[in-house]
Amino acid sequence: MVWMNNSENTPGSLPPGRPLQTEFNDGRDYPRLGNFSFRRGTLTDNQEALWNEHWPKLGKVLADEVIDLPEWFDRDAETIAEIGSGTGTSTAAMAPLEAEKNIVAVELYRPGLAKLLGSVVRGDIHNVRMIRGDGVEVLQRMFAPESLSGVRIYFPDPWPKARHHKRRIVQSGTLHLIASRLKPGGILHIATDHADYAEWIDELVEVEEQLEYLGWPEDQSDIPQLTDRQVITKFEGKGLDKEHIIREYLWRKK
């Protein structure tokens, strides 16, 4: 593999120009970000003050540096990566219900991370950390092999236009990368309310040999506690309002 665009990051900011992107050479499909601009957005004065005070401890920006998770969290515990945490409403609501686990929220959108940061600080939540960057690049560069007990991808952008399907995060290469970061027995949980994206995922459920596809148990007591969303996410709520069918997918690392 080849690293591309190694611009130096500044705290809390992404490097200028094309986003960091690894050129994988393993024959699998990986999301291609393309030449489009991410939503920048602005923070309120209060958000900016909280960001400046708390981000250095609770947040990191995408970098070519593997995280020492026990050091970052000040404890050794099962760690779950949530890829695409958005505004973090459900992340902040779930974290206190699983206080024994470490949660790493990965998101590109700074205002979304700022909202989550505010919820974490005001709620005195101690088990959430944040990384600003593309989910695939964060998995590739910042998590060691077999370092995660779970990965969550809840209601990812469906990129509905056919020419944009290459940007969908659920690809054969992404599943392979996630499998390499999961510990044996670790769980991958994906949820979507987009029918075409569900069909896309259906075609990939058996593609990664390191992952055992579990489907979605009819008996709710069989759902691994590690993956219990417990609260309705923002985009799940929008889907339910439109009477969309929620599809859930579970895999276990062999």
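Glycine too: its Cβ is placed from the backbone N, Cα and C atoms.
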Taking ASP45, ASP64, ASP124, ASP134 as the options, which does Swiss-Prot list with GLU82, GLU107, ASP157 at the S-adenosyl-L-methionine site?
ASP134
Considering only the recorded positions ASP157, LYS161, ASP193, which residue has the minimal Cα-Cα separation from ASP134 (S-adenosyl-L-methionine binding site)?
ASP157
Translate the DSSP assignment of GLU82 (S-adenosyl-L-methionine binding site) into the three-state scheme.
strand
Rounded to an integer, what is the Cα-Cα distance in Å between GLU82 (S-adenosyl-L-methionine binding site) and ASP193 (substrate binding site)?
17
